[in-house]
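Features of the protein shown, as given by TrEMBL:
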ACT_SITE  B:194  active site, nucleophile
BINDING   B:157, B:183, B:194, B:281, B:404, B:409  substrate binding site
């Protein structure tokens, strides 16, 4: 067992019931003993669904399944197991997903394409799906509107804390609620893969609107975090809208009536993404990296991720070393335009380098004090244009090696 | 001081004198005490030079200088210092290189553009070039043809062993010699940057031919290795040809008379590149990764580097864990075409996965035995085309964190 992350929040948030959503957790013994490993969520008929997935070209069978289902945009049931990712399991994996969807659809009297399936855990081991399907009826009997904390715990693998977030928003005067849960950053030992997140709202919004909002929100949250640059074969983010809040249906994602909903949805996504980073393997520091002055926003993000993924930057942060030379190095390797002789770097708000060289009379004292804290802020202006991006990561510590290099000798 | 790498060769090779090349090492106290930190090499008039450099967009002033000089293709003197990289030093850095080149040209009665300058060490600290120029005359007095081991030692920063390689080749019946030295993989703590390598031959070959051969050889050697994916601001590889061997001048790099020279030059480059990996920070295993079946050779190299740079693959190797699921993950994140359901993986020559799933009756015993060795071989066929590439890396260990995260607390 891994110790609780020092960056863990004080408590799981109080998540209100959400009209049209019922959850159940169950222990079906796929890999773990003495804990829940199955999450079942039933949503009311008429629920719209949107999805964003891993960009991996070797993605898992459940990801392929959900991509097809969410393109249709409707949902009734979500089935998630932890302990086995059903990834790199070839034809066996595809058959396993098919069977699980068919049995679930039968039990809930819905279409197979209204069933969403996600798996997280060991790669390359056939999933004993019969354990899941055998448990479905028992799990169904436990469905309740109040099980958010249990739901977040059931999908954990080597996460050290359950992750949840909630907000309320108004759409055209009607109050709606957004509840989200998530698990596990990066690829988690041993053999573990996957970031999963499931977000639910009682708002009444069509698939196209949800999909556009989810994609935009993901770019600034889950797609702006990195633990170790490694990409899971199973990353899945689903957004379900039950429509029970009774708001007027809005059919354009850019409609001003969605401004508050958009803001709050993005807050939930970012909160969950930050929690994922804070539970990154071995994380002892939470790091915010902002790049300004790039050729465009995309270039800024590429540079910011090059800094965030640099093992040398990450080890320096772990060592509480204000090593701005490594930030320069990472800017240089990103492959996006940067003016070496106009580069400026701030650490903890203190200017360290300006116009390509260390500031005159540089006093490291306040910067070193900042590096000793848990929240590290690095800002870099690359002196080219107006592009801007912020990403978040954690440091690279001995604990990362311990967790991921299961020393057998 | 860091302990000698467990992957270090038994001894520095015996390097023969090379007609037209004289070397001297000197201690001028730039940063280190009690060791040499200046390498001076004089080559005969008429020497051709080729260069390959870091792709970093924040490269150092010495790199900019050498790029301009090697484009002209002639050389007389090489000046290398360790302890300070003269990188991210702005206008001060440029002036420093200018001064060093001018004083050297004056002393050796040559053009400034025939002087090559390389610096390795701390980033962001102005280089006290007066210490170098003050030492030039003394160093010059020590020039000799037999100082290869001392030369390799003078350019070290946190390298744990000096790196040299030598071969003889024939060009049209005439024997020529190739001697090369190199230093330091990746970015080396604290604040250290740079891979430097200097290769010399007495062959008579024009700049254009040298440049083409060097570029091709680099693609398969120095540009096919990685320690931690971080790119130095100072990487410099120079090839000097004095022309003293008396071979007939060949003016086409593809000329068959150069077949043996090309082969031996590539061997020297690969030998040096391998030594750099074997001295990678904290390295305990030398890892060869071959990708076949990619859409093209370039795609194969991208996939191979994605595997080689994956922190999860590298920590698994450190842990002697035959974790092929992480290889699949890395293939998937590379962004190049791969057929998940035709993917095959061999570790230590043993087939582990075939057609996208673990082989039937997989016996981990021989694979585990292989993982316990110092030389790890991973082969992956991605099932698309005929593209092929091999790259080399080392594992990611606790020692890497120790070296790079200079824990101050």
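Residue positions begin at 1 at the first shown residue.
Just so you know, glycine gets a Cβ as well, placed from its N, Cα and C.
Positions of TrEMBL features highlighted on the structure.
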| residue | record | Cβ neighbours (10 Å) |
| --- | --- | --- |
| B:157 | substrate binding site | 23 |
| B:183 | substrate binding site | 29 |
| B:194 | active site, nucleophile | 29 |
| B:281 | substrate binding site | 29 |
| B:404 | substrate binding site | 29 |
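Spacing of the residue listed as 'active site, nucleophile' relative to residue B:404 (substrate binding site) is 14 Å (Cα to Cα, whole number). Proximity to chain A (CB-CB distance below 8 Å) holds for B:404 among the recorded positions B:183, B:194, B:281, B:404. In this structure, residue B:281 (substrate binding site) belongs to neither helix nor strand by DSSP; it is coil. According to DSSP, residue B:404 (substrate binding site) is assigned to a helical segment.
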